[in-house]
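See structure below.
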Amino acid sequence: MNISNKKIILHDMCLRDGMHAKRHQISLAEMTQLATALDDAGVPLIEVTHGDGLGGNSVNYGFAAHSDEEYLSTVIPLMKQAKISALLLPGIGTVDHLRMAHELGVSTIRVAAQCTEADVTEQHISLSRQLGLDTVGFLMMAHMLEPKALLEQAKLMESYGANCIYCTDSAGYMLQDDVFERISVLRDGLKPDTQIGFHGHHNLALGVANSLTAVEAGAERIDGSAAGLGAGAGNTPLEVFNAVATRMGASTDVDVFKLMAAAEEIVVPMMDQAIRVDRDSLVLGYAGVYSSFLLHAKRAAEKYGVPSEAILLKLGQMKTVGGQEDMIEDVAINLAKSR
């Protein structure tokens, strides 16, 4: 593998994907402390919203400690060099949420959809570009589509105005060959000036390896979280990826040791439980289950007295996707009845 002299844009997920691991209960003080540390380390992009994106505060997805407006208005004025991004899932977030984020100073909007449903993003991607924002099409659960079919969905997002397309391994299911094939096809099939990104989860302990493979295949943006704070077994641990990529001769412009310090001294003490590859998160990666289902499944398992891994395996067999959180309890009830 040769990634020497490649320029990589790192994007930290602690304050968005990390919300899942914190049951969306990150305080404003914690958010401020971590965001300023990441900014000081040179991380160029930091995502800040509810775990399920703008408008995610709900019974279905969980109520955060604060509103998106409070989080964004607290963090954005403190940034010296980092830009703040926000995730938006059509059907959860609306164009009004998008406008609110723009007015508060968000620089990047990432419009996310199930990898087969890019057509639902047209309104939001188009508006984001009209507002002059860095606009990302975020294709979730990308393992569920073959590379050429994924490219067709990516081309739709590109046609709506997205200047960057993400291959998103929401389940932490992909192996390195899966990543290489998809990123290569996207790089070859999209416009040369359309950037490619990769978002990994560490459910099979492949977050770093898959992200390096993505860079080798042509990805320029890489998502991760300091100390891996995120759904499932966490996102690609950003401080580890940064150290490895730097050793391999790539350029991130992120201070290796300051990012390590942010992970060790700020993120780890924030954790409600250790972010690691345990049995349940390994099942997520093995069965291809949406990573943010993990804590929902654990709660349903406790409530109905059934093994959480049985719930997750069934969800994988059903090929459930993000947005179907209500089915987790249905599966648990049916498993309890069948015992």
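The chain as shown is numbered from 1 upward.
For all residues, glycine too, the Cβ spot is worked out from N, Cα and C.
The active site, proton acceptor annotation in Swiss-Prot covers HIS20. DSSP assigns HIS20 (active site, proton acceptor) to a helical segment in the three-state reduction.
Feature annotation from Swiss-Prot assigns substrate binding site to ARG16, ASP17, SER170, HIS199, TYR290. For ARG16 (substrate binding site), the same-chain residues lying six or more positions away in sequence with a CB closer than 8 A to its CB are GLU47, VAL48, THR49, HIS50, GLY51, GLY53, ALA86, LEU87.
Look at HIS201 (Mn(2+) binding site): DSSP puts it in a strand. Taken from Swiss-Prot, the feature Mn(2+) binding site applies to ASP17, HIS199, HIS201, supported by sequence analysis.
The feature domain 'Pyruvate carboxyltransferase' is assigned by Swiss-Prot to 8-260. Each residue in the domain 'Pyruvate carboxyltransferase' (8-260) has a pLDDT score, and their mean in this model is 98.
Annotation source Swiss-Prot lists site 'Transition state stabilizer' at ARG16.
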Check your understanding: Over all shown protein chains, what is the count of other CB atoms within 10 A of the CB belonging to HIS199 (substrate binding site)?
Key -> 30
Review point. What is the separation, in Å, between the Cα atoms of TYR290 (substrate binding site) and HIS20 (active site, proton acceptor)?
Key: 12
